[in-house]
Each structure stands twice: as structure tokens, then as C-alpha cells.
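As recorded in TrEMBL, the features of this protein are as follows:
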type	residues	note
COMPBIAS	297-307	compositional bias 'Basic and acidic residues'
COMPBIAS	323-336	compositional bias 'Low complexity'
DOMAIN	105-162	domain 'COS'
DOMAIN	164-268	domain 'Fibronectin type-III'
DOMAIN	279-481	domain 'B30.2/SPRY'
REGION	290-336	region 'Disordered'
Amino acid sequence: MSEQREDLQRIVSTLANKKDEIFNFIDILKQTIRNVQVNSSNVFHELDKEFDALHSVLDEMKESMANTIQQERTEKIQALNNQLGQCSSALESSEELLECATTILNIKNPMEFSKAARQIKDRITACPAFRICLKPTISDNMSHLMVDFTLERQVLQALKFLPVPKVPEINTAACLVADNCVTVAWKMPEEDSRVDHFVLEYKKTDYDGLARVKDEQPWEVIDYVKDYVYTLSGLKFDKKYMTVRVQACNKALAGDYSDPVTLETKAFVFGLDDTSSHLNLKVEENYVEWDPTGGKGQEKAKGKENKGSGQYPVLKSNKRSGASPKRTSASRSAAKSCRDRFTGESYTVLGDTAIESGEHYWEATAQKDCKSYSVGVTYRNLGKFDQLGKTNSSWCIHINNWLQSTLSAKHNNKSKTLDLPITDRIGVYCNFDGGQLMFYNANSMELLYAFKTKFTQPLLPGFMVWCGGLSVSTCLQVPSVVKAFQKSVNGLNSSTCSLYSVPVMPIERSHC
């Protein structure tokens, strides 16, 4: 009995100590809960501070992180409350067993005490208090949910106004003027990843360098150029030069413009001289159309206009600035013709600008229903009854779509039928100094025919139209394919007199 009493006393003492430990642990759990509350509040406070610094941009992130903290707080409190409930239940059970044990210890009858002691001993041994872990299953540490935007704040504090982009430099060596296109290339003095796009500006001028005040033209603007090169296509070169400049832009502002660069834009500029045209031709700027009723009712008025004038008419003045040959205003006394206008079956109109030197190119496009037309050049002495190609001072390509379609080259009243596809667009290349006159299919740039001679007088572009109309395209450069062909021709010319791969019509004063 004494041994059993000692064992029971030891167990009771252990249980009492465990009870104290549980009380202490309960205090720890409660403090842990308070700490979770305080720490989570601190986390929210720090979180609020950080997100307040970043304002509305970070609101969505703040909400997400707040939900994470709330979820972890709820999970921790739930786990701690579960542990607290287990401890409270074990404590109640321990108190009940202690009361029973105290009652049994007061039993005086050995048999009764022994029986009761065995029962209470088994109950005490199986008491939940001995199976409880007296360590919080959840830590009150919430520091892993703290936020620190120090680096991000430094980045934000380092933000300043976007720097003004540097001034681009136009790479004149990489710029190209060809085929009525201008390719402008530029570079930055140093790499700048913040440049978003470029603005290219250009304007036409007759001056090499900065334009004079009287010639000041507004800049044409090409915006949002993403690359370091841009090609201006489909241009009409009615001026001798083109001035270009470029500026770099980021998303906020633009830098200064580059120094303007002037590019030479050689081209042949002329108009149609309506004072020379046949009365049955209706001339409007660079368009001529056959009008079968044009001569009727106008002859009397035209006769009055031209009364007393039996010579070649004075070429009309034109205020447009030309890139090539000067516009002539030949005096009546210098003219070799005895006509005022083309007449009879010479349905012809001439250009108002003479070619006296250099290389030039222009094109003529026929209407689909045009029955007959010629495109060529002539000296000023073409008579009013003369037709292009039927004199020794005129050369042309003639296309006949009446009854049957034929393509022929004409000069000095000689005709050479060409076995080539009919085209509605003819290009004319004239190298006055080199004595070369070439006609091209302007759609395919196939050479139709070439004349070789020595031009002794200024040349005028000439056009004949019957039953239809022609559009004349001026302000054109010599195409690059023509220039390339000329190089190959010059190579052949150095060793042989056979210049071209197509027949060359023999004409007076022809030479190799």
C-alpha cells in the first residue's frame, strides 16, 4: 500500500506540475494569439506604408498580399485555438482525476483503497494531459510576410525627367537619289535605347544649301519612322534640290533637328506648249487630247491671234523652276519655220523647254482607246505640216492601234517596224552631249529602240496624238536601269561601233 501510495503521490505531483505547465502554456498560447494579432497588424501597417508610397499602381498587389496575411493569420489562429481547446479539455480531465485521487487517498480500508487505487491509476495513466505536446504547433512569427520596397523606392526616387534625345546625324554617304525616290539614312551619335521614333522632314528647293527667304517652303513631315533609314517614293522632282532633316523622339519629347542636308535631284522639267499645238488638240498642263471639233469655230479666233505671225511661235514662259534645261523663248526672227501652229494631219504639240545639254528622261502614257500616237524629239525647225519622224530633224516611236497594232521607229521619213509588244507607256532617254536617243517600254524598262547621232541644235520633246490622249510625265530622273545600260554601252563603245543590242537606225551625221 505504501508503495502504491508513493506511486500515486508521484503521479499526482507530476500531474500537478503538468497542470501548472498547461496554465503557463495557455498563457503562452494567448500571448501568441495576441502577438499574431499585433504582428499581423504591424504587417498591415508596414504594408499600408509601402502601398501608400506606391499609390494606386500597387493597389492590386496590396490586396493580394493582404489576403495572404489574412489567410495565414486565420490558419495560425485556428491551429492555436485547436491546440488551446485540447489543452483546456486535458486540464478539465486532470482536475477531475485529481479530485478523484484525493478522495481515494482518504480511504482507510485497505481492500477498498487498493481496488480504488488501481482504477484511478489506470485512469491517470490514460489521462490526455500526458499526450499533449506543450509546444505551440504554430509560430507567432509573421516576419516572412513583411514587405520591403527599399530597392523599388530607390528606383522610383531615381526617376527623373526623360533626357532630351541627342541630335541625329544624316549619313550623306548612305543617302541615295534614284528612280524618283530619295533614301535618307541617319545615325545617332551614341546609342539611346529610349528613342521611340524619328521624324523626317523634307522640302524642295532650287538652292544648294539653306533656302532663301523668298523660296521658303513648308516642311513636309514623315512622322513615327521606326528605322534609321526611310525612302521617299513617288516624288515629282520639280526643283533642283531637296533639303532633309531628322529629329529623334522618345515617348515624352523630341530633340533638336539634325543639320539640314541638301540632296541634288536632277530631273527634266517641261510643260506642253499649247501655242504650238494643232487646233484639234486640247492641251491642259501635261495632258494632250485629240478633239475632232477643236479646229471648227476656233480657227477664226486663232487666226486673229496669230495674224501677221508667219514664223515659229515664241515658246510660252513658265514660272516653274526647272531642274534641267533652261526654258527657251526663241524670237520670231530666229525661227526657221513659216507656221503658227501645226496643221493638216500633223496633230502635234511640242514641249516648252529646249534640251541643249546633259542627260534627260521623260515618259508618255496613252489612253487605252488611243488609236495613234508618236513620242519623240525634234529641232525647232519642224514645219507646221511636218510630222514627227518624217523629217531629218525629228525622231520618234510611233504606235498605231488603228485596224492593226504596230510599233515602229521613225526618222527622216524612214520607218522601222519593231517586233516587240505594244506598250501604253513610253520612256524617252536623251543624252544630248553623247548623241544618244533611246526609247523604253516604261512598264518593263525594256529597250525598244535607240538612235545614235550628233545633235547640232536644241531639241524639243514632241508628241503626236490622233483619236485619244497622252499624259506626259516630267520631273523624272534618268532611271537607274538606264544608267546601268549606259555603262554597259560605254564599255562596248570603247571597242566597237555597234552600240546597242537593238538595231540602230542610220541617220545623217551618225557616228560611233
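Cβ atoms are placed via backbone N, Cα and C, with glycine included.
These numbers come from a predicted model, not from an experiment.
Mapped onto DSSP classes, the domain 'Fibronectin type-III' (164-268) shows 6 helix, 46 strand, 53 coil. Averaged across the domain 'Fibronectin type-III' (164-268), pLDDT in this predicted model comes to 89. The DSSP breakdown of the domain 'COS' (105-162) into helical (H, G, I), extended (E, B) and coil residues amounts to 32 helix, 0 strand, 26 coil.
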